[in-house]
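What Swiss-Prot lists as Zn(2+) binding site is Cys19, Cys22, Cys34, Cys37. Under the heading zinc finger, Swiss-Prot lists 19-37.
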Amino acid sequence: MSKGTPSLGKRHNKSHVLCNRCGKRSFHVQKKTCASCGYPAAKLRSHNWATKAKRRRTTGTGRMAYLKHVSRRFKNGFQTGVAKPQSA
C-alpha cells in the first residue's frame, strides 16, 4: 500500500462533527474544539490573515435588531419618552 493519495481513500471515521455555536461541521471530536469559531472558548475565533472570514461574520451581517436603531436614538440624545418640562 502506498503512503499518499491512495491511503486517504481508506479513511472512514469523522474527525469533525457539527458545532453547537456556529453550526458548521468543524467541531473536532478528539480535541473538543471548533476549527471555525473556537468553541468552547468564550471569545469567537478570528484572525487578521482571514479578512474574508471576518467580513462574513462581523457586526452587520445579521438582523442587528437592537443596533440598527442606536444611531437614530443617539442623534436625538437618547430620549426616554418623558416630555421635557416647559420653561417660561
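Any Cβ shown, glycine's included, is placed from N, Cα and C.
Values in this document were obtained by computation on a predicted structure and should not be read as measured data.
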Can you name every residue in this chain, apart from Cys19, Cys22, Cys34, Cys37, with its Cβ inside 8 Å of the center of the Cβ atoms of the recorded Zn(2+) site? Asn20, Arg21, Gly23, Lys24, Ser26, Phe27, Ala35, Ser36, Gly38, Tyr39, Arg45
Residue counts for the zinc finger (19-37) under DSSP, helix then strand then coil, are 0 helix, 4 strand, 15 coil
Around Cys34 (Zn(2+) binding site), how many other CB atoms lie within 10 A of its CB? 25
Counting Cβ atoms within 10 Å across all protein chains shown, which of the binding-site residues Cys22, Cys37 comes out on top? Cys37
Show which residues of the chain containing Cys19 (Zn(2+) binding site), separated from it by at least 6 in sequence, have their CB under 8 Å from its CB. Arg25, Ser26, Phe27, Cys34, Ser36, Cys37, Tyr39
